[in-house]
Amino acid sequence: MAEENLPFPVTMRGYDREAVAAHISRLEESVKEATTAAETARRETQQARSSLEDSQRALREAEQPTYKGLGARVEQLLRSAEEQSSDVVARATTHAQDTVARANVAAQQLRARADNEVAEILAQSRREADEIKTQAEHAAGAVKEAAERQAAESIEKAEREAHRLRSGAEAEAAEVRATGEREAHALRASVERETTELRVTAQRDAADLVDSARTDSEQKLAAAHQESSRLRDEAASFLAAAHAEADELTEATRLETERLKADAARVRAEARDAAAALKQEADADATRLLDEAQREAANARAIAEAEASDMRISAEADAATLRNDAAAALAQADDDAREARERAEADGAELRKRAEEEAAQLRALAERETAHQRREADAYAAELRHTTEQEVAELRHQADRDIADQRGTAEREIAAARTAAQTEAVELRESAESYAAQLRQETEAVVAQQRQDTDGWAVALRRSTEAWATQLRAETEETTAEERRAAAAYATETQDAADAYAAETRGTADQDAAALREETEAWAAQLRGAAQAFDGETRAAADAYAGETRAAADAYAAETRGTADAETGQLRKDTEAWIAATRGEAEAYAADTRRDADAYAATQQREADAYAADERREADAYAVKERQAAEGYAADQHREADAYAAQQRREADAYAAQQRRDADTYATQTREAADEEVEALHESVDAEIAAFRAAAQTEADDLRAQAEAHQKDTRRAAADLRRAAEEEAAALKAASTTEALQLRQTAESETADLRAAVKAELAELRSASEAEAARLNREAESAHAKTLKETSDLRASTERDAKDLLADAQSEATALREEAQAETTALREEAQADAEAAREEARRAREDLELEVANARESAEQELTRRHEEAKAETAAMVADAKRRTAEAEERLSATLARAEQVRREAEAHSQTLLTNARNNADEIVSEAREHAEAIISEAVTDAERERTMAQREVDELNRQRESITTYLDDLRGLLTNDPVGNLAKASRLAAQAEAEVGADAGDR
């Protein structure tokens, strides 16, 4: 294994520095030793070169004898020996230089090989140390990553569990709060419905009391009118009897006048007196009728003003009562709004305090939880504020509607009373005008009849009284024209005034009726619009809430699914990318390792071949020594490397074990911390749930108490309304009783006035009749018989015509009066019935709208509750589905992470295996190359040793030859010096012997 070949011990951040420094120190000492050996060899070579130079210098310094005196053979022998010795010396010098050069090269090669081996061993040691370090770091990183991942998963699971618990608690608290609010809204709606029903019942009871009182007053008023009509009929019958008695008296007077015959002067005087009397009677009748009409108009106006004043006082009292009720309702609404606002502020403050406490307790989730609680508090406060504002607006609107209804009712009653008074005044005025017109017509008829009588009497007496008749006719026509003009002017003025008053009264009545109708229609439209708007707003709010809830649930589910799918896809992509990257890195690393190993093998082979070639060419004896030193050094290095590798392996194992223990400890601590955090979160969530439940229960109790208080207030308001209705009914009864008494007094006073007027008229008629009878009797006695007869005939016809016209006029006036009174009564009753029907219809429409609004509000609350339950069920189903999918996604994520971890481990193991195999192959290739290089070096060293031996033998032989030559030269010098001639033969023998030796040496070479 590659771990067993590690030269150095491995620490946390690589090789041990002391071991590497010691190894480098040993390598440096080995290099120093090799350098010292090379320097020693160089010194020895230098010494050999120095000794050779000394020998050459000694030879050059020896005096060379001249052989010119010798013979040619001796000279040739000496020259040949000298050349041979020079050649031997030169060859020995060259061989020595070559040997020194080869020794230097061998030393350099050994030094280089030692450096290469040291560098190779150092690199291998570093590489193995890096591998051990990398493996240990990978193992420690894997263990740490696994521990961190497990801790992160535990923390995430704990956070998800805490978030789920918190979400459940918040959902439960929100549900409790929503349930309390829905119960409060439902209770408020039911209380408002009951209140509306009680108010409607009280208003209907009050309306029934008012109707019964009004019916009683109308019955009493009708009885009073009937009594007044009966009294008027009695007065009319009494007047008819008086007229009949006057007619009888007139008939008696006529009979008496026929019986008496007067002369023309008395007839003339009678005609003049009769015309004056008729004129005075007509003036008196007109004045009396005008006075009676004015009295009746003043009485009617006083009655109408009294009724209007009573109605105005009653209406003002009702308006004041309604205004007080409205002010009380507005004050109650303001108090309710202030209490609701205070409750909303208190709830908002409590929620804000709770949110701050939760933010202080849950610092890990401060931002999200605080924002969520703040949004929830703001939404709840806004909802309460909006609900309070709506309730205040509804109460104010209800108060405004009640005030407007009561004001409209009062205005309608006042308008109806005003209309009735105006109508009655118009009727009385029309009755007076018609009676005045009738009297005027009677007067004109009497005047016309008198004119006819006077004309007839003038025609009969024209012969005797033509001048007087003409004068009397002119006076009569002038008087008649004046009376006609005055009557026409009075009739025109009265008719114009009556038309103007009638037009003004009709315009006012039409305006009041149109305004009342517009106000009623506007109020009904406003109520319908308000009801429809409230229904639409409630339905829209319910639909919007359901839509928002469904949209939020769908968005949350879609977001959860999208997040889970995105996270799963991202994890798959990351895992696949990581696996692909790991595989690519492993394959690239393997390919790079293979390429590096192949290149390294090829390089090493080439270098080995080159080195072998160099070693074959340049090996010497120094290589053996250097090789032995190198082998010893290599053995030492191998031993040290093995020891260092064992130490590094032990340290790596200890480091890995320590890392595993640290990772296990960290994982245990992380799990314990996560468990503690989960327990703390459980406790905090349980406390929060308890707090939420307590707050929700408290809020529900407050809402129930508020609803009960509101119900009590509503019932108290209903009792107040019932009491106010009873008081109003009592006031109306008192007003109707007062009105009946006033009408009875008015009728009695009118009856008394009519009786007095009839008695006065009868007295006047009696006195006038008696005076006329006496005057006629006096005139009849002095009248002429013929004139009296003609006058009697004319008077009889005139009186008959006058009686007929008067009876017709009276009957027509009576019929017109009765018809006008009946029409006026019918119109008054119809107007009152229409006003009462409109008032009743408006009241019932308002009550129906109030009931409909209350029922619609209650049904809207029920529908909102049902839709909320449905939305809550759908949301719960979606949340459960989302949780299930989240759990599935988490399981898939865990499985994917486990598979990714397994794949990563397999890839790391595979890459480690490939790396180990590549390193083993590289080590085998290097070993083979080293063995091959060692074999080549051995061969080269052997060849170098053999060549060195041969060279040494040659050097020895050359030295021996040099010594022999030196000896020969010395002997020859001695022979030549002592006995040149005797020793010549001896020199020749020595020369021959030397040539033979040289030839033998040449043959050996």
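Heads up, the Cβ atoms here are built off N, Cα and C, so glycines get one too.
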Listed range which TrEMBL flags as region 'Disordered', given the options 195-216, 371-392, 701-722: 701-722
82-131, 132-181 - the range that TrEMBL marks as region 'Disordered': 132-181
Range among 334-355, 422-443, 928-949 that TrEMBL annotates as region 'Disordered': 334-355
Stated TrEMBL location of region 'Disordered', expressed as one of 474-525, 630-681: 630-681
